[in-house]
Amino acid sequence: MTILSTRSKPFDFRTMLYLNTLLMFVLIFSGRQEILLLSFALSILVFATVGSAAQTVKFILGFLALLVLQYGAELLRGTDLPRGAILVPQLIAFIALRIYPFVVLGIALKKSTNIAEITTALSRLRLHRGIILSIVVMIRYLPAMKDDFRVIVDAMRLKGIPVSLGYVVRHPMKAIEYFVVPMLFRSEKITEEFSGAALVKGYEYSGTRTSYFDVRMGGKDWAMIFLAPLAFALCLTVV
């Protein structure tokens with residue numbers, strides 16, 4: 001039984017998961033610039049359906065800035081600048097460019113899909129219940145971890161403890177004590193809360209679970225699933 005409809009959602013969670021896996025494989029096995037540009041184009045296309053035009057433009061400008069940094073550093077190789085001053089920014093831009101499409105997809109997923117829809121979509125993939133719960137808990141814990149980190153930083157500032165990268169470099173053991181230890185204790189408490197929430201929502205039920213959301217694969221989903229690998233294949237063979 002379904003109560004709420006999500007037909008207005010342009011892309012299903014399973015499509016985003018498929019696209020994320022596809023991008024991971026092609027970016028690992030191919031270092032061609034055309035593959036990188038196509039990966040970003042697909043990710044920004046997904047984001048454009050859920051985000052505002054201003055946010056989409058910001059992501060495009062950020063990607064272009066990283067490209068300028070990478071190729072700008074390449075042009076400076078023949079100058080008198082130290083080699084490290086050229087290679088370090090170029091390496092950072094190289095890594096950031098390959099992470100960028102996944103960041104865009106992650107933000108699009110956060111904007112368009114809630115935990116209930118993700119659980120329903122994964123259940124229809126016939127995945128093991130333990131795998132589904134692991135993925136859901138991981139996705140649910142990331143925002144909580146971000147909030148906990150902010151609380152720790154605010155508490156350190158109230159106690160007069162400097163919060164900066166330089167302090168972490170100069171005092172690594174103290175930084176571990178101030179940051180990691182509170183996060184570990186907080187993680188243990190959050191684990192207990194998530195376990196209780198899972199019991200209340202009946203995740204241990206062995207039968208077929210119903211959903212409040214009508215999670216379906218639409219025409220855009222199937223188009224992305226079939227056209228994305230075709231585009232990568234053409235890019236590898238023709239370009």
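Heads up, the Cβ atoms here are built off N, Cα and C, so glycines get one too.
Quick look at what TrEMBL annotates:
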{"type": "TRANSMEM", "residues": "12-29", "note": "transmembrane segment"}
{"type": "TRANSMEM", "residues": "35-54", "note": "transmembrane segment"}
{"type": "TRANSMEM", "residues": "59-76", "note": "transmembrane segment"}
{"type": "TRANSMEM", "residues": "88-109", "note": "transmembrane segment"}
{"type": "TRANSMEM", "residues": "130-146", "note": "transmembrane segment"}
{"type": "TRANSMEM", "residues": "222-238", "note": "transmembrane segment"}
I'd like to know if the transmembrane segment (222-238) touches the transmembrane segment (35-54) in this structure, counting it as a touch only when three or more C-beta pairs sit under 8 Å and are separated by 6 or more positions.
yes
Would the transmembrane segment (12-29) count as touching the transmembrane segment (222-238), i.e. at least 3 C-beta pairs under 8 angstroms with sequence separation of 6+?
yes
How about the transmembrane segment (12-29) with the transmembrane segment (88-109) - do they touch, taking at least 3 C-beta pairs under 8 Å (6 or more apart in sequence) as contact?
yes
Where else in the chain does the transmembrane segment (88-109) make close Cβ contacts, counting only residues six or more beyond its ends and a cut-off under 8 Å?
11, 13, 16, 19-20, 23-24, 27, 36, 39-40, 42-44, 46-47, 49-51, 59, 62-63, 66-67, 69-70, 73-74
